[in-house]
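First the structure, in the form of structure tokens, and then the observations on it.
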Amino acid sequence: MSFKREGDDWSQLNVLKKRRVGDLLASYIPEDEALMLRDGRFACAICPHRPVLDTLAMLTAHRAGKKHLSSLQLFYGKKQPGKERKQNPKHQNELRREETKAEAPLLTQTRLITQSALHRAPHYNSCCRRKYRPEAPGPSVSLSPMPPSEVKLQSGKISREPEPAAGPQAEESATVSAPAPMSPTRRRALDHYLTLRSSGWIPDGRGRWVKDENVEFDSDEEEPPDLPLD
């Protein structure tokens, strides 16, 4: 950046130099470490007591002090872990995985030691095969051959035995598969029953027919028609 001078006024040159120095100093100060007030002065945002300074040169001198440096360390010590967590979540996950991998052998070893100490008895394994144990010899049964005459008698008895009768289910299935033909009288009785029911007559349970109260009859007959003989 170049400055253009007008005339030979040394005071103007000093003002320009001071402004240039102030711009250079301000470029090295982060925005979150200093605040510019309305009256043109500067306040330090790092120190807890918020000192107010008149010029950038005074702010630069304050920033070089021990109190400001200690406050700066505390400020970034609290702020940096949060930034790292927000910016690098993947890195944090990788570090956790590495820690778990490093601790895994120790955990497995301690787990095995505790299990072996608690379980004194051998573990049951379902894949193990049962060892062969010779069975105790039972009472010997003499299988003497039968004479040929007895063999013939036994075979004759077996051939003469009748076959077992079929159960009730088989009889029912036979009757269902082959229904008996209906007689004419039975058919007439069934037709008469259906006509009475369709006309509005209902049986009272005593062998008589009674008019249904919910049905309207055309005639005033109190007795149902008789069963036709033909």
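Every residue gets a Cβ built from N, Cα and C, even glycine.
Features as listed in Swiss-Prot:
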COMPBIAS  164-174  compositional bias 'Low complexity'
COMPBIAS  215-230  compositional bias 'Acidic residues'
CROSSLNK  LYS67  SUMO2 cross-link
MOD_RES   SER2  phosphoserine
MOD_RES   SER144  phosphoserine
MOD_RES   SER183  phosphoserine
MOD_RES   SER219  phosphoserine
REGION    76-106  region 'Disordered'
REGION    129-186  region 'Disordered'
REGION    188-230  region 'Required for interaction with LUC7L2'
REGION    200-230  region 'Disordered'
MOTIF     4-20  motif 'Bipartite nuclear localization signal'
Inset, instruction - Report, as a single number, how many Cβ atoms besides its own are within 10 Å of the Cβ of the residue listed as 'SUMO2 cross-link'. - result: 14
Inset, instruction - Provide the three-state secondary structure of LYS67 (SUMO2 cross-link) computed with DSSP. - result: helix
Inset, instruction - Can you grab the distance from the residue listed as 'SUMO2 cross-link' over to SER183 (phosphoserine)? Cα atoms, rounded to a whole Å. - result: 125
Legend entry - Number of Cβ atoms other than its own within 10 Å, given for SER183 (phosphoserine): 9
